[in-house]
Amino acid sequence: QNSSEMPETITSRDAARFPIVASCTLLGLYLFFKIFSQEYINLLLSMYFFVLGILALSHTISPTMNRFFPANFPNKQYQLLFTQGSGESKEEIVNYEFDTKDLVCLALSSVVGVWYLLRKHWIANNLFGLAFSLNGVELLHLNNVSTGCILLGGLFIYDVFWVFGTNVMVTVAKSFEAPIKLVFPQDLLEKGLEADNFAMLGLGDIVIPDPRSLGSAPFPYSLKKNTHTYFYTSFVAYIFGLGLTIFIMHIFKHAQPALLYLVPACIGFPLLVALAKGEVTEMFSYESSAEILPHTPRLTHFPTVSGSPASLADSMQQKLSCPRRRRQQSPSAM
């Protein structure tokens with residue numbers, strides 16, 4: 001999108017609808033695996049996530065890789081443009097800018113993609129999974145704490161029901177051969193990189209409770225307080241909830257819904273801090289402003305230039321001869 005536009009935020013209605021949509025998707029996948037051949041479904045999904053994984057991983061490693069390129073690296077600019085229609089009705093569908101450095105990152109990501117496609121190795125799976133998680137955190141924005149509580153509350157019920165109430169969640173997670181989860185080899189010391197006994201953590205359990213997404217992390221800046229208290233509190237709460245999940249899983253030897261422990265921790269810890277500081281009312285009435293919400297521009301838009309060089313030169317000369325008024329740029333434009 002245009003770099004001056006802010007990313008779309010999730011509203012309270014979207015947050016309340018999210019668990020219902022997720023339940024329908026999960027049940028649909030479960031029925032697909034029961035009706036159709038699991039081999040062909042996973043082949044189709046592997047190709048789909050192969051393309052998405054390469055793009056996500058390339059976007060993730062690009063800032064880091066830029067530090068390793070020498071200053072005299074021949075970096076050329078490219079533009080991928082798709083339009084629809086012609087003349088005055090012509091409109092842009094895709095307008096994507098990239099350079100030679102981006103192509104190098106894309107090539108490295110493609111190596112990981114081929115490795116995943118051929119071997120389904122757990123390291124390649126986790127690289128793609130981490131890339132999806134980081135991109136998900138970057139794209140998911142809640143403009144207030146109340147929306148985050150609604151989202152987490154609904155997904156709390158969703159996770160508990162589909163894990164404890166049915167075998168749907170566990171069946172789909174084990175049958176779904178795609179990087180939608182991080183896997184942790186439990187027999188790593190015995191078999192090394194060829195480990196085949198895994199514990200798993202769904203990417204939703206990483207992206208959804210993220211402190212940046214919930215709206216509580218940038219909350220102190222709305223009060224003009226330069227502090228990271230709520231972010232660190234949410235971060236510690238997430239570690240505590242995930243550690244408790246692993247502990248309970250080992251005690252009962254049964255799959256556990258991570259959000260059962262993450263949601264109370266990620267909501268409860270910041271709420272206790274707000275109570276101690278007397279900022280509960282301010283926290284729940286707070287909404288992120290355009291200056292606080294982080295965003296990363298990806299697509300840029302350029303006006304269409306048409307006409308002969310002579311006519312363009314004449315029009316430019318006319319504009320230069322007219323008195324110009326200096327415009328003040330808005331904060332978003334700057």
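Every residue, even glycine, has its Cβ placed from backbone N, Cα and C.
Going by TrEMBL, these are the annotated features:
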type	residues	note
TRANSMEM	15-33	transmembrane segment
TRANSMEM	40-61	transmembrane segment
TRANSMEM	230-252	transmembrane segment
TRANSMEM	258-276	transmembrane segment
Tertiary contacts of the transmembrane segment (258-276), as residues 6+ beyond its ends and Cβ separation under 8 Å: 148-149, 152-153, 155-156, 158-160, 163, 201-202, 205, 208-209, 211, 214, 216, 229-230, 233-234, 236-238, 240-242, 244-245, 248, 283
Intrachain residues whose Cβ lies under 8 Å of the transmembrane segment (40-61), provided they are six or more past its termini: 32-33, 102, 105-106, 108-110, 112-113, 116-117, 127-128, 130-132, 134-135, 175-180, 298
Surrounding residues of the transmembrane segment (15-33) on its own chain - C-beta under 8 Å, 6+ positions past either end: 41, 142, 147-148, 150-151, 154-155, 157-158, 162, 168-169, 171-172, 175-176, 204
